[in-house]
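Take a look at the structure below.
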């Protein structure tokens, strides 16, 4: 059972660090609350949906910004989507970069947009890694027979 | 504006011109016409000026430049005009002077001529006399002495002759005889002329005798004054000779050129007449005349003295200078009189005719003084110039003023725009800030919510509770400030939707029920039967007013009651006279209250209603509600009455410390009431209580106004009510007002209600009544009054043998007191219903006690989460969002509350899903979506619903095909991340029913959802 307790502690610590470092916010908690017996994989489902969605969006954004004449409305729509989905899962840092990104879009600042795209990619990969790690720990924990602490 | 000053300018012009014309008419006479013409031109021009100004007024700069040119032209024009006037007047004066001079000169010339002619005639007469008496008689009747005396004595006849002399014609052959006869020799005259001598040393003897000539003309007679010429041969004098020769050939008086007279040395002329031997006919030749000549009579004219004498006779001789010239030789005029002043001034020349055609004389007249300054002309023209300049200045000042005013106006417009922009910015700022505060506050509150769910000890729980309460207070405060800002900027618009007034009041009551129970204040609502079930208006705002008023009452009331009554205005007017009984005891809790009728004394509706009562009654579509909130609180001090409705004003600073609040609520309420075309008023007696009353106008929500009464009983929305249909309830209460409230609530459940005032009356009523009494509701006050009676009553009731004994209920004010009481009466424990009475709660309690199956869901007084579960359980809800993640999260959240969720990822899909008939109970719509955003989708859906409803109404579609629903309207709630006002307003505009913020917040979700489900 030591392993379970250790894993539990690891999970709690890791989650705490995620919150403290600002990767996630309260929305992620709410998301977790929505998960219950009837819907045991809710969070994982949502987050993987988020990953899929985000990768598509990032690709499209990169494509859109490579064009000679950039359609800022399109870019803005993509960023808005990205912002919406990131706020829905509580990926706070991604969301914040998205806000800055939208401002640059409004100003039609190509350099700023490109910079933000890099940033958003970075933040996204970071949060993706973190979340994947989180899910891995959870999986291990469940495999070890423990329950996820709330 | 323009006309205002153009008219005075024109009239001024007119005035000046007419004035000028007046002054001129005398002088100018015939130039009037010209003036008129000129004036016409001016007025024409000024008309053009106006025309041009109106044309150019659009472009200010052009107009300004134009005005400047016009001004310069005006000044220059008037300067020219005044100069012209000056010249003209001067000319007139000179002309007049000339005329005067001419007339004076002519007058003098004529007189001089007359005088001369008189003398000349006399001399001619003398020549006749000589021919008659000297040559006609032999011996001669005249000698020198006779002639001298005669001439001397007739000198007055010839005022300007200095002397007369007669020379006889002597041929050379007769000379010796003549000289002998006379005793002297004929002397020559020319030497004398060459060497003029003075009178004193004049010696006739010294003169030389005349040389031998063909003929001689020695003077034989002479007047004494010129006696020195006797014996002189006039033919030897140069002038005289010529004269004599001309005289005898012409037979007329002949004049010499002026010359210095012998001896006197004065200027003079000599007039010579020839004396003939016989009377000659007028057509004789000059030769015959010469032949017939006997002698020559000469008169010496002293022109100088002559003119002088003449001038002295005339008045105003000082004003002019007179010169007389002999101008026979034009190139060398000989001055006969006057000083030779070379003056190039004004001069008039009159010709003088002295009867000698060869000699020509002229009189030249001049004014002695120089012409005076033409003061009249100067003053007139200067005056005109000054007036014109003044007018120009006025003109200039006016134009400047107009320009300045225009500038100011533009500046004001600019400032106004800026102020408006600032106002917009202020509201924007308030909206943004409040939103920005609300968002983190939601986080705080949510966190606190979650914290409450964790395991906490009592102290921690208390802290969290306090924190949550404060947070909620802060959010409500922000909402209030936002409301105030919205009202101030006039952006608050009322909704118009159907709502159930009674349900709303039950809702509000439930909000305050906890507090009232805590305080032991009785809370009650009474709505008149006359008030329709469904009204059309803004339920949210109506609820806000009621909540504000009740909140205030709750704050300031420690004991007694708070009583909300809703009536129709018409009803109240009708009952004003009926309700005259003293209300001091007849109140809900027995405490005295302020007379609520006094609170609407100032209402305009009432004074108006008084006269047009039947009219307003007939228009039954508009419902005039009058709502009173009566409390038995501390009341409002008299001095604070005036500022009750002023924002942020409270009775005193201590009030806000003890009771909290911003003091903004009443002000907002007043504005809201105003928006509902009602009025608000109050009456307050310190230590007794306050009553706030307001009126509001709604539209009747029932399609048929006559239906509403039956609806009230049969068509309850609450399914539980049908269970009590036909039952009878007995209310035991000695206070009529409170009994009325109880009856109102029980009647709403559909039961029949009777009221008795005493427990003792109950049994007789039950046993004697024809109908079966199903329940007895006893007021706690009566129950507690005497426990003995209560116990007896219970026993009696228990032993009641007629069928099923009625259930006994106790209407208790607060939970605490009723519990203790329940413990004492253990025998037949009456069920306790805690006040305030609410239909739903009452129904639930009764159902529980009566064993009626509880079908309905208790809606009020529960935790929102639980309520949400109840609300949403089994509901079919459509969520529309283009963002899959959001969609999933929202669906998860709603599913958690038990809803049946269907997802759509675009507006188009939503439209196809929501095409009636469908099973959805509600739809949550994201606002911002690509292709078709939430607003547009909603508009489409509403449009679709509307047409289908129309078709159904017109029978073109059967109701059966649309699930028996004739009025399709699916509640659509906007989901939006930013709750700014514009979004909210737009969402309402396009037909949405409300909005929820993303991510969902339980309280807000409940509030919004509860309005529709």
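Just so you know, the numbers here start at 1 and follow the chain as drawn.
Cβ atoms are placed via backbone N, Cα and C, with glycine included.
In TrEMBL, the feature transmembrane segment is placed on B:373-395, out of the ranges B:350-372, B:373-395, B:396-418. Checked against TrEMBL, the range among B:50-70, B:71-91, B:92-112 recorded as transmembrane segment is B:71-91. For the transmembrane segment (B:71-91), the residues of the chain that approach it from at least six positions outside its boundaries are 20, 24, 27-28, 374, 376-378, 380-382, 384-385, 388-389, 391-392, 395-396, 399, judged by C-beta separation under 8 angstroms. Mean predicted confidence for the domain 'Response regulatory' (B:728-850): the pLDDT average there is 72.
All protein chains considered, the CB of residue B:926 (4-aspartylphosphate) has 27 other CB atoms within 10 Å.
The DSSP secondary structure for residue B:926 (4-aspartylphosphate) is strand. The helix, strand and coil residue counts that DSSP assigns across the domain 'Response regulatory' (B:876-1013) are 62 helix, 24 strand, 52 coil.
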